[in-house]
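**Q** Dumping the structure here so I can ask a few things about it.
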Amino acid sequence: MRTNIPTHSLQNLILRSCKHLNLLFQIHAHLVLSGLQQHPHSTLAHLINSYSFFHQCTLAQSTFTSITNPSLVLWNSMIRAYSRHNKFKDALNLYHRMLEIGVQPDNYTFTFVLKACNDALDFNEGVKIHHDIASRELECDVFIGTGLVHMYCKMGHWDSARKVFDKIPMKDIASCNAMISGLSQSSNPWEAFGIFRRMQMEGIEPDYVSILNLAPAVSKLEDVHSCKAIHGFVVRKCICGGAVWNSLIDMYSKCGEVNVAHQLFDKMRAKDDVSWATMMAGYVNSGCFREVLQLVDEMKMESVKMNKVSIVNALLAAAEMRDLEKGKEVHDHALQLGMMSDIVVATPIVSMYAKCGELMKAKKLFLSLEGRDLVAWSAFLSALVQVGYPGEALLMFQEMWNEGLKPDKVTLICLASACAETSNPRLGKTVHCYAIKADMESDISNVTALVSMYTRCELFAYAMMLFNKMSYKDVVAWNTLINGFTKYGDPHHAMEIFHRLQLSGIQPDRGTMVSLVSACALLDDLDLGICFHGNIIKSGFESDTHVIVALIDMYAKCGSLCSAENLFHLTKTIQDEEVPWNVMIAGYMHNRCADGVISTFNQMKLENVKPNLVTFVTILPAVSYLLVLREAMAFHACIVRMGFMSSILVGNSLIDMYAKSGHLGYSEKCFQEMENKNSISWNAMLSCYAMHGHADRALTLFSLMQEAHVRIDSVSYLSVLSACRHAGLIQEGRHIFQSMCENHYFEPNMEHYACMIDLFGRAGLFDELSSLINKIPTEPDAHVWGALLGACKIHSNVMLGEVALHHLLKLEPRNATHFIVLSDIYAQCGRWVDAGTTRSNVNDHGLKKSPGYSWVGAHKQLSCLSSK
């Protein structure tokens, strides 16, 4: 008799090969009509597995629950279905239910349940299941053992994984690959290579998965020799596939061989979107941002669709290059692909706008993002700090706090940097307290950031205390302290810290050498600099770009311009970058060599090296000395053409350049046209007014700063007091100085005192002047006594002039100017003998006045800029 219902074997075959959900429903209906319980459990297991394949977990579950006394094969199928649909807790609960009713698990049960523990990251449950496996003596099963290895590796328990792996008697390719993958991520990735070699010795041939799993170990170790060995293995064994070649590109890039990576990329016959994204990521990792943007153009020409990784890397490159146009292009592409809802893509878009000077757009876009997480906040705050808006970063942090998000270590590092940039040690100490309360003080990166913050705020006692408390100091921590003392403290202390580093046994790196060479420049110690140069050659750092640039800078600042030029000309490989050119221009500036400044800038353009922001910020002061409007405006036009007018640094330099060139009106125009002014911009304008004797405008601007809540610092007070001094505004100067000390709690420095001494001295208020000198909390410096001596010359005050010279001789014994000023005072009073004696002291001590210097010789060379 014929029947419409297929036989059990045919049903199983159809269920295994079923490709359409409707057909599956029909088979299920047939099974129900004929009595579900009448069919073998193997058939029902296939039904559950098929529903799982079609993401119909609810139907699989209802099928399972409708069976009375399900067999082990059904329990296993349902556990597997739950795991497949990320219902890991349901899978584990089902496993426990199964044990409670007395159903004994088999090898398949443990394989499925271990996967659920692995994906759920439930370590405690995994250990319990491991005990069950051990009690049943199933650890040696290759499938179960591989599952345990996977689980322990994913949860970072590599020793436990290794113990399980070593117990497997007959290892296969899957178990070896699992162990290689885990060890590649471990603290000792070298062990992954040991497993790779061992599997070959045991006759297990590595496959493409083995190579992919070994790649993170190579990248982590940055071992180019291992990278080349794997490359040779791949070629020798003819292991094909785009994934393997993409992995090789990634390995070479992370091992510092980005050029080799690009050669592999060019040789690939079929590049997919992952290949392009991998190459772009490699360039970003190597700091080759211009090359990333070139790849973006090539992808566009070849009609290759950008994926999420390539978009993120293109945005990072555009941000670093400050290429707003390219950044907008990538942003539009992300919009077309509908990726703006992805926070991973949206975050670098916001950072790109912030770094390209579009602060308002970045802020508006960021606040419109849905699902802003801590990573997005940290990235945005970091971008604000990097581009010179630390105050805005601190304000945005308050917004973040209001949203209920508490800072993690990345945010904390960013906040510490913002506190340092704003010279806000009080808030920095608050950040430090938060780190202690949140138990983040043990994290080496956090402590290093706090040490950096304290050094930049010149709180070296706090920095040293924190540094000395560190249980482990890596080379980055040592470099932070050395660099802090070099830049903000005493370079002598930087050398002392370096000697402590040597005794600690930690090897200095290129960052250490850069800081020490900079310290030599600050100490003006050419001999010590030459010694370090020799040390750099011995240590193999002489080819590093940062080290070479530091050496060029050191030789220039120590007066050995010839050595700086020789080193610059020998380093042809890095001259396509802007940094060495900028340093060489700065070196000529430092040595007052106008010819060198201008010729180097012109040569830079001839070599097709594009000037950047730093180039113009470095060269504009040289232009200001020329006192020629045409040349100044030629540079200004060049800056406009290159799109740098949105930069605060350039804007501030233009204000200063026009003022020093004698064109205050242009300075005012530049100031008024600046969209984003910082406190330095306001101070620059204040200084311009003081320089040109416009005290009334300086006072008006100073009042406007207070009304606009612009941060007023010691430079602001010095500029406005200088304006009062030049104009003889005694009452206004006195009021501002008192307000500075009493209302705003600023501690005046010696320059402020010198300014007030000069103001009172010009007016002949010697009683008030003497009273102020007596109130100075520390020993007055040469600025103060020099101001007093100048006042004595104006009013022919011999007695105080002699007192001033007495102190100046202690502070500046080699300065002949002080003798000449006192001699003039004696002459004014008719004391010709004393005047002659004082003059003869200059010759007796071998002193002479320093000659003046003129920049006018560079005028003709600059005139060519107008036409270029």
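The count begins at 1 with the first shown residue.
Any Cβ shown, glycine's included, is placed from N, Cα and C.
All annotation found in TrEMBL is predicted automatically rather than curated by experts.
TrEMBL lists 71-105, 172-206, 241-271, 272-306, 373-407, 474-508, 577-611, 678-712 with the feature repeat 'PPR'.
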**Q** DSSP helix, strand and coil counts for the repeat 'PPR' (373-407)?
**A** 26 helix, 0 strand, 9 coil
**Q** Which whole number is the mean pLDDT over the repeat 'PPR' (678-712)?
**A** 87
**Q** Tally of helix, strand and coil residues over the repeat 'PPR' (577-611) according to DSSP?
**A** 26 helix, 0 strand, 9 coil
**Q** Per DSSP, what is the residue tally for the repeat 'PPR' (272-306) in helix, strand and coil?
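**A** Counting residues by DSSP class gives 26 helix, 0 strand, 9 coil.
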**Q** Which residues, given as numbers and ranges, are at least 6 beyond the ends of the repeat 'PPR' (373-407) yet have a Cβ under 8 Å from it?
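**A** Result: 319, 343, 346-348, 350-351, 354-355, 357, 359, 362-363, 366, 414-415, 417-422, 424, 427, 434, 438, 648-649, 678, 711.
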**Q** I need to check the long-range neighbours of the repeat 'PPR' (678-712): which residues 6 or more away from its ends have a CB within less than 8 Å of a CB in the stretch?
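**A** Same-chain contacts beyond the flanks: 388-389, 391, 422, 648, 651-652, 655-656, 659-660, 664, 667-668, 671, 719-720, 722-724, 726-727, 729, 732, 736, 744.
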**Q** By a Cβ-Cβ criterion of under 8 Å, what residues six or more beyond either terminus of the repeat 'PPR' (172-206) are in contact with it?
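**A** The answer is 142, 145-146, 149-150, 152-154, 158, 161-162, 165, 213-217, 220-221, 226, 233, 237.
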**Q** Which residue counts does DSSP yield for the repeat 'PPR' (71-105) in the helix, strand and coil classes, in that order?
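**A** Taking the repeat 'PPR' (71-105) as a whole: 26 helix, 0 strand, 9 coil.
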**Q** Per DSSP, what is the helix/strand/coil residue tally across the repeat 'PPR' (678-712)?
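**A** The counts are 26 helix, 0 strand, 9 coil.
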